[in-house]
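Take a look at the structure below.
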Amino acid sequence: MTKGKLLTTPSRLLKLVLPLSTVDHNTDRKDVAPLALLVHPQQPLSYLERLIQAELPPPDPQDSKSTTRSVTFRAMEAKDDEIKPRKKADTEGGGGSDGSVQSYSGAGREGEGKDEGEFVRWSPSTEIGDFIRDAARAKEFEVEIEGSPGVIKVAVPSFNDRTYYLRQRLRRTSRKISKLAAIKEECDKAAHRGAQRIALAGCGGLIGYWYIVYRLTFETDLGWDVMEPVTYLVGLSTLIGGYMWFLWHNREVSYRSALNITVSARQNKLYQAKGFSLQDWEGYLEEANAMRREIKAVASEYDVDWNETQDEGGDEKVTKALRDERKNNNGTKNKSKEGEEDDEDD
């Protein structure tokens, strides 16, 4: 093993594999076993430096006064990424090609062509994730250890490498969502059809009530003198009963509220009959959206366009379900913020 590797793990940590070698005058010794280190992208390079130093033997006192070997991290600075002042101000707000803006690419080790540029030493206080993002413009970066015969070349992970496990998990979760979405859609349609039938039955009941009142009023001996208080009491009783029903269910007095209650009750029965778990459904949606946010964050770091539809299984039902879940969460957050602002104003 002559080169190092920087790999991703299912736990979202980075696994750095280095072929550490020290000065050895014995020619019959086998290759040194590579060293694996787990680091977090938000940790600084100085933390990684200390991990490497802990695995190295102390330097020769005759060659160095320091008790530890220095470790330097260098990434390639492309020639066309030299920072220059703008030649002409852009009055329209558009970006110019000669401005002090550096270009980034998420190709990493998958990049084509030959890297051109010089390696630049990075400060130990830099976060590992920022260092990798900049180093991804080339195929590899260098790790130089004091006293080693040469630098260690480490292959830079691309965007696909960094998000491999996240995208695999997103695909598995999307398949689960797709199966549940088919069941949920069937149950929801059946519940809405049932609610519509109940509404039509109510309309038929009102028409029947009107017809009975008409017959008893104009075609019998009862007349309007008897039917007037009867219709008044029936209407008032219906109004009071409906109002009490809305109070009992703690809902706004409206047709939509009554329809939602009817649909929800029917949905719950159908969900139980079909073995659909609403908690699992919401959990899968939250998990998929969380992974989607992480992947988009990495895509933003690498400045690449991520085709999320492909990793979501290409199912329009899954995409719509995730989009609706994000809208609901955003609406809930906005309402909570408005409530907090109102409390502060009071």
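Numbers here mean position along the shown chain, with the first residue as 1.
Keep in mind that glycine also has a Cβ here, set from the backbone N, Cα and C atoms.
The topological domain 'Mitochondrial matrix' feature in Swiss-Prot is assigned to 1-195, 249-346; the stated evidence is a curator's inference. Per Swiss-Prot, region 'Disordered' is recorded for 55-120, 306-346. Feature annotation from Swiss-Prot assigns compositional bias 'Basic and acidic residues' to 76-91, 109-119, 315-328. Annotation source Swiss-Prot lists transmembrane segment at 196-216, 227-248, citing experimental evidence. Under the heading topological domain 'Mitochondrial intermembrane', Swiss-Prot lists 217-226. Taken from Swiss-Prot, the feature motif 'Selectivity filter' applies to 224-232, supported by a curator's inference. According to Swiss-Prot, the Ca(2+) binding site annotation covers Glu228.
Long-range Cβ contacts of the transmembrane segment (227-248) within its own chain (Cβ-Cβ under 8 Å, at least 6 residues beyond either end) map to 209, 213, 216-217, 257-258. DSSP assignment over the motif 'Selectivity filter' (224-232) gives 9 helix, 0 strand, 0 coil. Confidence across the topological domain 'Mitochondrial matrix' (249-346), taken as the mean pLDDT and rounded to a whole number, stands at 79.
Sorting the compositional bias 'Basic and acidic residues' (315-328) by DSSP state (H, G, I as helix; E, B as strand; all else coil) yields 13 helix, 0 strand, 1 coil. Residue density at the residue listed as 'Ca(2+) binding site': 11 other Cβ atoms are found within 10 A of its Cβ, drawing on all protein chains shown.
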